[in-house]
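TrEMBL feature annotations, pasted as is:
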- Cys72, Glu93, Ala94, Gly101, Val166, Asp203, His218, Met270, Arg280, Met281, Gly282: substrate binding site (BINDING)
- Cys201: 2,3-didehydroalanine (Cys) (MOD_RES)
Amino acid sequence: MTPPVAVTPYPISIFENTKAKTQSSEPASKWTNFTFNPIRESTVSRAMTSRYFEDLNKYAESDVVIIGAGSCGLSAAYILAKQRPDLKIAIIEAGVAPGGGAWLGGQLFSAMVMRKPAEKFLDEIEVPYEDEGDYVVVKHAALFTSTLMSKVLRFPNVKLFNATTVEDLITRKDPATGEIRIAGVVTNWTLVSMHHDDQSCMDPNTINCPIIISTTGHDGPFGAFSVKRLVSMGNIERLGGMRGLDMKAAEDAIVKRTREVVPGLVVGGMELSEIDGANRMGPTFGAMALSGVKAAESVLEVFDLRKKQNDEE
Ligand code: AHZ
């Protein structure tokens, strides 16, 4: 027999302050004399702008920049922020709403499928799932994404700049070898980035950092941004181009090949499929979480070297 479900009495009392008095014949309720604490509009404005501009100032020199807050970028941010609380991590997300394509499963369905062993990441972030043997199912993709995002945003060493687009990369040429190293990102408000064709003189802002993780996905208005830019600046000859759907081949390939593609730039998630000519996997998300884990590890492997190069400039 199903055990009885405990029912919380309505209304749920979150305020102890129930000293309501009323002149009318209506019975007093705790809402009768309810009022918020006072505020002036400029106080609200300053509460927001002072913090935002303080963050812009603080993160103008970051330790790691993550481009794209989809399932891969957020997973990378979680691992990095947890393992290295000493690192300043800026996440730049073009959309107003972070999360990329991870708010739904395939074809706009709710459930999110992850093949094992990606359930270990779900255990780590405490997202419940149904175990189906070789794979697990989270009842709603939004449960995964909102839980992961809430954990990432709580880390004191992480700042999310959303509605902000990376529209170029900062580069440095090694005088001895001629090799190009990626040394930061060029940013702009996304709405400005979208209007470079019809407005002039809208120069960008910059963030310097020794290493970047690019996880811009494969589609959308700015998809595969960093790897496309590597081609146009001649760092790599051409893109492999994403191949057709093959879940089994695609997920292993994306995780295994997540790496530092050129000095200072680690690429993960579906952006990798564009550079490597890997298959797509469609609506299964284990590779995105584990590519994020591997991207974080790839950063930590080279961080000291890249930081030294960055500091020597
Ligand atoms: O808004 C983009 C999205 O949130 C953001 N982004 C893209 N270009 C950017 C730029 N500056 C700042 N230039 C940018 N942000 O990057 C995020 C990418 O998220 P995503 O969910 O598209 O990519 P992902 O690689 O994390 O996950 C891919 C999910 C897919 S697609 C797919 C298939 O079609 O086969 N399968 C999976 C699992």
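Each residue, glycine too, has its Cβ placed from N, Cα and C.
Nobody curates TrEMBL annotations by hand; they come from automatic prediction.
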Is any of Ala94, Val166, Cys201, Arg280 (recorded positions) within Cβ reach of ligand 1, i.e. under 6 A, and which?
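Checking each Cβ against ligand 1, the ones under 6 Å are Ala94, Val166, Arg280.
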Can you tell me how many other Cβ atoms are located within 10 Å of the Cβ belonging to Ala94 (substrate binding site)?
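Around the Cβ of Ala94 (substrate binding site), 27 other Cβ atoms lie within 10 Å.
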To the nearest whole angstrom, what is the C-alpha distance linking Arg280 (substrate binding site) and Cys201 (2,3-didehydroalanine (Cys))?
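Spelling it out, the Cα of Arg280 (substrate binding site) and the Cα of Cys201 (2,3-didehydroalanine (Cys)) are 38 Å apart.
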In which DSSP state, out of helix, strand and coil, do we find Cys72 (substrate binding site)?
helix
Greatest CA-CA distance (Å) over the residues Cys72, Glu93, Ala94, Gly101, Val166, Asp203, His218, Met270, Arg280, Met281, Gly282 that the record ties to substrate?
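Per the listed residues, the maximum Cα distance equals 38 Å.
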Counting every protein chain present, what is the number of Cβ atoms, excluding its own, within 10 Å of the Cβ of His218 (substrate binding site)?
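Its Cβ has 18 other Cβ atoms within 10 Å.
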Tell me the Cβ neighbour count for Cys72 (substrate binding site), meaning other Cβ atoms within 10 Å of its Cβ, over all protein chains shown.
35
Could you measure between Gly282 (substrate binding site) and the residue listed as '2,3-didehydroalanine (Cys)' for me? Cα positions, answer in whole angstrom.
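Checking the Cα atoms of Gly282 (substrate binding site) and the residue listed as '2,3-didehydroalanine (Cys)' gives a distance of 40 Å.
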For the C-alpha pair, I'd like the distance in angstrom between Val166 (substrate binding site) and Cys201 (2,3-didehydroalanine (Cys)), rounded off.
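With distance taken Cα to Cα, Cys201 (2,3-didehydroalanine (Cys)) is 17 Å from Val166 (substrate binding site).
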I'm trying to understand the geometry here, so how far is the Cα atom of Cys72 (substrate binding site) from the Cα atom of Cys201 (2,3-didehydroalanine (Cys)), in Å to the nearest whole number?
34
Quick check on the recorded positions Val166, Cys201: which one has the highest count of other Cβ atoms within 10 Å of its Cβ?
Val166
Please work out the number of neighbouring Cβ atoms within 10 Å of the Cβ of Arg280 (substrate binding site), leaving out its own Cβ.
17
Run through the Cβ atoms and count how many others sit within 10 Å of the one on Gly282 (substrate binding site).
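Around Gly282 (substrate binding site), other Cβ atoms within 10 Å: 15.
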